[in-house]
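Features of the protein shown, as given by TrEMBL:
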type	residues	note
BINDING	A:Gly13, A:Val14, A:Gly15, A:Leu16, A:Val17, A:Gly18	NADP(+) binding site
DOMAIN	A:13-140	domain 'Aspartate/homoserine dehydrogenase NAD-binding'
BINDING	A:Thr91, A:Lys115	NADPH binding site
DOMAIN	A:150-358	domain 'Homoserine dehydrogenase catalytic'
BINDING	A:Glu207	L-homoserine binding site
ACT_SITE	A:Lys222	active site, proton donor
Protein chains: 2
Amino acid sequence: MPPKPTLSVAIVGVGLVGSELISQLLAIQAPNPFRLVSLTSSRYTLFAADGLGVNAGSWASALSASSATPNLPVLAEQLAKLEAAVLVDNTSSQDVAELYPEFLKRGVHVVTPNKKAFSANQQLYDAILRASRETGARWLNESTVGAGLPVVQTLKDLVATGDKVKKIEGVFSGTMSYIFNNFSTANPGGPAFSSVVRVAREKGYTEPHPADDLNGADVARKLAILARSIPSLQNALPEGYTSVQTRSLVPQALGSVSSGAEFVDRLPEFDVEFEKLREEARAEGSVLRFVGVVDVENGIVKADLEKYPTTHPFATSLGGSDNIVMFHTERYSPRPLIVQGAGAGAAVTAMGVMSDLLKLVL
Amino acid sequence: MPPKPTLSVAIVGVGLVGSELISQLLAIQAPNPFRLVSLTSSRYTLFAADGLGVNAGSWASALSASSATPNLPVLAEQLAKLEAAVLVDNTSSQDVAELYPEFLKRGVHVVTPNKKAFSANQQLYDAILRASRETGARWLNESTVGAGLPVVQTLKDLVATGDKVKKIEGVFSGTMSYIFNNFSTANPGGPAFSSVVRVAREKGYTEPHPADDLNGADVARKLAILARSIPSLQNALPEGYTSVQTRSLVPQALGSVSSGAEFVDRLPEFDVEFEKLREEARAEGSVLRFVGVVDVENGIVKADLEKYPTTHPFATSLGGSDNIVMFHTERYSPRPLIVQGAGAGAAVTAMGVMSDLLKLVL
């Protein structure tokens, strides 16, 4: 067994997830299989083929002292010259995502929690697959779904080992999980929808504008990523996440409200509607959950508000802002394989990124 | 990215799991990263450095037509000459397990669902770690715990990315799961313990001799494997699984009954004792579950019969012969990371083995 070459790591995006990842990366004990060769923020960039020589206390000031400005096409060329290199994209930028094929074509791996590339149109996705196939460079995206939870790899393993996935069903948004775990329980009554959303926003569980969670797009993107990992659905979503049947919970009248604060202030006008849905569910002995479904047998991919009996794991087992994912397969039948836990947050997202990086060196 | 060499695979043990693995391996579509170079049963062996050239319909007859008898030290030498090779041990043999260091020392990876090597005494475990470190050959054992469920890799990822594991708690035996899911529920009354065991045996859910499940050793072995993956407990179990605090459910008076049938016939003598435990639990609003606990903070590793409230996931969410594992960590706190699903069976066990093989080539 010849020793594997040290993997050169270029990190783009040094916000919450990026900073946490840098901590995890620099904390690895010798012999460290990684060498940090580049950091890029929205304003600055650093590159040194032999390693930046920074530590947990110095990287941020070194980066902001740089005189170089970000240039990802140049970075791709720089990384291509190294023996083994990986781009880690911690942004949520569509522009960065669209450059993945350029890195992969040059033999540079891509690891990312950024959902954009894999949930956009088929052209970009196909370009990623093609570039990866050409050079053998890999793209790994465990933390795009469920953050550090083993969801993407589990699905890949099921598929790669010849299991037949019949249906994937889950609560894929920590925000939606929190909102409905609090809004709709087995008990009668409960808080108004708007007040749950307001509290969630105050706790930082929603995006600054809650409509960015309530529109279901985040769930639809995750479903697109999972669906495309299943051979029969690889081309089923030509426009990516916008091809997913998605129920938006944003009231039509509030669709054009651009301020998050105003949105929350006006949401009580629609409490009666949500209350009606909650009561309908309760009358059937059910609770409401905003779920994602990939129904392979019927070719349906949808993000929707559904009712589940109060004895169902989505009602009994969920709490906080947990994600839960059930894989119904030929082997895991009649009882599914289930993964559950926190599906958002910088530490667990960085952990998912880090576990992908470890796959490249172990 | 230079293309990875084809991985030569030597399979020892061609029973239920081995046969299923061979099917999964031969079903991989071109370009197949694996080359099947050796098969070994308890009586025969085949080796061909260029590949055996067998298919799903021919391997069994080719093997039984072989004139060569098993010789694992010779196999280790044969594999050592190949560019990249892996031993897959599908037996449950202690003798095979004790040879892992010989393979690893020669740069041959080891992949196995066999718990014996990792749950035996510290000397063998340390020899495995040492040999692997020397040559870079890897040992992967995902399916030793929870079969195809992502349990071992999830724990490794938590540790490798710097999370602090506080406690692992779970139902690790499909047999024990089935028995207690049926024996102890939220409802009053229920079948006698001996009758549940009898049905489990008839359905093939227990070993031929149910004492081999009820003695808790299988759970203790799995706990030893998990505990040793946690840095602070790596040396905590000098004698391996026998160092785990284990409650045996085999009545002392039946300890020397060597026939499984006689054991089941005499078990009703002890129904009153189990009934008493069940009623004690119910009086507290709890159910009985045979669980494994790795309490890292207190350095306790135990397999025991415990009580859980009827609202706990071990009571509400378990069914059939499911395994469930909860990881309580610094990051996954206060709510744990949970993995649940079938934890036994040839197809899901082979899937775990196969997913380990894929880690070596991707």
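Cβ from N, Cα, C; glycine included.
For the domain 'Aspartate/homoserine dehydrogenase NAD-binding' (A:13-140), residue counts in helix, strand and coil come to 53 helix, 20 strand, 55 coil, using DSSP.
Within the same chain, the residues at least 6 positions away from A:Gly13 (NADP(+) binding site) whose Cβ sits under 8 Å from its Cβ are A:Thr40, A:Ser41, A:Asp89, A:Asn90, A:Thr91, A:Ser93, A:Val96, listed in sequence order. Same-chain residues that are not part of A:Gly13, A:Val14, A:Gly15, A:Leu16, A:Val17, A:Gly18 yet have a Cβ within 8 Å of the Cβ center of the NADP(+) site turn out to be A:Ser19, A:Glu20, A:Leu21, A:Asn90, A:Thr91, A:Ala346. For the domain 'Homoserine dehydrogenase catalytic' (A:150-358), the model's pLDDT averages out at 96. A gap of 17 Å separates the Cα atoms of A:Val14 (NADP(+) binding site) and A:Lys115 (NADPH binding site). Fewest Cβ neighbours within 10 Å among the recorded positions A:Lys115, A:Lys222: this applies to A:Lys115.
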